[in-house]
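Visitor: Before anything else, here's the structure in question.
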Amino acid sequence: MALLSTLTLFPAYSLDTSILVAVLVGVLILALLTETLGWVFVGLVVPGYLASVFVIHPEAGCTVVAESLLTYGLALAFSSGLSRTGAWSEFFGRDRFFAVVLASVVVRAVSETWLLPVLGHWMDERWGTSFIVDRSLHSIGLVLVPLTANAFWKLKLRRGLWQVFVPVALTYVILRFVLLPGTNLSFSSLELMYEDVAQDFLSSPKAYIILLTTAFLAARFNLKYGWDFNGILVPALLALTWLEPLKLVATLAEVLLLVVAAKAVLSVPGLRTLNLEGPRKTVLVFCLGFLVKWGIGWAMGGRIPGLKVTDLFGFGYLVPTLLAVKMLQKQVIARVLLPTLHTSLAGFLIGSLAGFGLSLIEPRPATALTAEAPREHVPGLGLDQSPLGLMVMGRATARESDVGGQSLRLKHGDLRAYNGLWNGLDAWLESGRAEGFTALKTQAVALGLELRELPKQDGAPARYALVERVEGVGKAGWDTSLLVPGAQGPVLEVPRPLTEAPSAEAAALLCERVHCRAVIVSGVDSHRAGLVLGDALSQSETPLRQAHDALSSRERVQLRVDPSLKPGQVVLHTPDGKAPQGLDLLWPGAKVTAEPPPEPGDTWGEARVSVLRAGAADLASLVLEHAQPLAAPMTEREALGTLMVTPEVARVPAVRPSDAELLVLEQQVASPLLGGGMADVPLALRPRWAGAMAALLGLRVHPVTECAGANGCWWVTDAEGTPGRLGAGLLVRPGGSPLALEVPSPAREAGTLPVAAELWHESRSTALVFATASGDLPHPATFGELRTSFQAFHQAVHRALPKEQGWVLHLRGFSGRPSVEADVLVDVGSPVLTPAQRPADLEKLLSREGPLGWLGQRVRYHDGSPELTGLNDASPQQVFSRTFGGARLATLWLSEPLRGAFVGPRLVAEELAITGLLPEEPRESPERALLADRLVAPTQPVSSALKEHFAELTASAERYVAQQNVHDLRALAQTKRVGNVTRVVKSGFSAEYGLPFLLVEARQGKQVLRAVYFLQQHPSPAKRAELTAGDAQLASTVDLALRHRRPVVLTGEVSREEARR
């Protein structure tokens, strides 16, 4: 098979990762069995599709078979039960098939929502599997279950099982043992869905409504008008493409092309006289369609940037073939094509209307609070629990454009209601009394807003937040406001929180100076996007303008940022050139003028309206004056050592950050530390700004000293006493190499984080991102886990790396796959079939001389082989990097033996206690223990007796590390002096490396032989380091060997000075 390993049969970027090849094999096998054994030619897509499912996810294949049996049983029971009542005869023909399709929808709904989760939980608890976490119990596609169940019914169950099993098994054998290992066909990056358009619908019941509606119409139209579609599923599947017009056009074009091609082939002398009817004609047309796609793939695959070749193919694996065969049989095109299109369009329209009608009566969670039943506020990371945090959130959630389909223009009725709400808030803020608060909350709820009290602070008045409840997609663009009832100061307005940052954050601090009654941050800032609509300065139909007008009897101050002002230059613009009472405290020393500000806005000139202009640096400095200081500095060795050991404080459950908190985490915590973004904050202030924003989220930013390759590094972590709360951590080395390391699953894939820590140190990587969440939750590389702190850090790191040279390396773990035959499996996102396809810069990193070369020489690139199924990266991080380009992402799958060298045995503490070898100190440095006594270079050869005794000790130590037999450890613990040779065995625990270790020593006179062995789950694959005392590079060599978790043997002598001591 090695000879065939480079046989490139299928074009890249199209058929090489498509199960269309498997469907072809299944159709050919089914046709062969029909011709030779007279088997029924039914369920053509089932053998290839189901065999592919068994190759990729056997659990899903078993689920499909089980659901097919349940569907068969339910449809048969329904048919028999209905016929016994006399209301209907037993189902036959198209009615029977429609009943099967209907039953399959019911079965899938019940099994996917209830039966499979219950079964998965039961199996996980009974056998320790991980079906629920892996989400591997699920069925596939839209029509695989009903087609399989229909084959069971058409042939009766016993015969049907046999005639389905045989072609599926033969197809599986050909795929598993011939095509996948012998050609470039790869299922490693395949999405197990019917088509991309079907995948979009599968998350919604609308697909099934359209499918059932169109299938029912097709059956009725066939009965009434005699329309024949070659199966009622043909127009039903075609109906799903009406939302994808290009896919519909591609399907029709393929049908017409197949008709023309088939007629041409059948007119060839020698073929025109052959009997090519029935299954033979279907096989001929399908093979022609496959050859067309094969040719298109070779002609266009990878040659046109951004082109997905499969978009040029028709929808479904057999839909174009079945339509073309029916046209060839009828010898007409329009009489087949037009009824099919008519039926599919009618089914799409009726199904869509039915789905829309059902959505109107669908029970759903309330979208607004009620005064009687207030929603419990979920704080997330707690950003919105303080005035400053609320203003930071206002900036983060401000809408910039109409991306997502939500217009920037709000309804006039909603704006009037918002104006009325602020009229009521004005009276409440003036009185400061609780009367009317409940009515105001109800008004806010009606607009999709939430009015709630902020946590009380000592010595501060009661403060309230008025915020929009919807985040992200669907956000209308209401303002974010801080309210202080009873305060007598002005109202501060921030019309452009994005364009003129950090005006919103500074407003929270200025509010305290003048005892403001409210701060209103505009929910829309479209100026930066070059849009006029939504700009609160120039447009009257905006929420901020409505609040502004409602508060016309109050003093109002707009806070603006002007980059033309020099540092320290602040200007207050007032109508009369004099500061109103109380505004002199807003910014002491500010110049007061009656001149209009640059770009004054429509409200300039109104009574009681002022504008404060300042530079972004001055506003940022104001915020940082009152911010918490950075956390205590720590050395790089201390920071990395923290990652090696489990924290003594129990991990707290990871919280679910809000979208605004994730934006702040990415843009205002991680990006400033990485040297990107934040043009409004001076470069020198960015670390402090990141620390201030992190503190609002309950996090800390530690300066990291003695950081190799940089003047200083930064560590973002949870606040003291709350390990695991954020769910992720970040180490940053400003100006490091164009490499970042990410560890998404350190809890489940033990050893990946220590390996990453050592790689980060040696490669001088720019960033190390690691997950800290509990192992009970899906790790952040799980498909669909988009809203995680880990993802926010990844996005910041990805943007900070150079676009051409940057690499993000995911470190994952695999085990129990000896056929992989590698210590490191590299997945670059697509199969690598030849050495020329390997990225040159990644090869350099992994070479023996490269910074990652110490991982081992058994490096293999993912080539799509069957034994590598499941070891492919479909993480949100991979999707993000591919979508936005720039730095590339590769996944390094580390073997269990490689990772095991960085993980201690589970029972080592108990075994050390049993044998009396408990460490004398809680934490000890193996480097210090090895280099004790200031050994010098030996002046004479080591005696044979000393060598023999030392060899006996090291053999016992190595045997224990390899076999973890407590009897070997007990023998070491009983080591005694023999003659003039002193033998010593001690144990210790290294907090720096997170591992216990054994120190074995044999000493004769001045001569000393000493070794350190880490106690590991798997012995280090690297050979032990043999060193001699007195070498000028001894300390650095020992440090490097210990970082790689290698055993170290040291030969030396005790110096005269040390001997006298």
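Backbone N, Cα and C atoms are what each Cβ position is placed from, and that goes for glycine too.
Under the heading transmembrane segment, TrEMBL lists 12-32, 39-57, 69-85, 97-116, 136-153, 160-181, 201-218, 225-243, 249-271, 283-300, 312-328, 340-361.
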Visitor: Which of 12-32, 39-57, 97-116 shares the most C-beta pairs under 8 angstroms with the transmembrane segment (283-300)?
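Guide: Top-ranked stretch among 12-32, 39-57, 97-116: 12-32.
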Visitor: Let me spell it out: take the transmembrane segment (249-271), skip the flanking residues so only those 6+ beyond its ends count, and list any with a Cβ under 8 Å from a Cβ in it.
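Guide: Distant contacts of the transmembrane segment (249-271): 238, 241, 281, 284-285, 288-289, 292, 311-316, 319-321, 323-324, 327-328, 333, 337.
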Visitor: With an 8 Å cut-off on Cβ pairs and a sequence gap of 6 or more, do the transmembrane segment (312-328) and the transmembrane segment (12-32) reach 3 or more such pairs?
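Guide: Yes; at least 3 Cβ pairs under 8 Å.
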Visitor: Could you tell me what the rest of the chain brings near the transmembrane segment (69-85), counting residues at least six beyond its ends with Cβ under 8 Å?
Guide: 91, 96, 99-100, 102-104, 106-107, 111, 145-146, 149, 152-153, 157
Visitor: Find the member of 39-57, 97-116, 160-181 that has more C-beta pairs under 8 Å to the transmembrane segment (12-32) than any other listed stretch.
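Guide: Answer, by Cβ pair count: 39-57.
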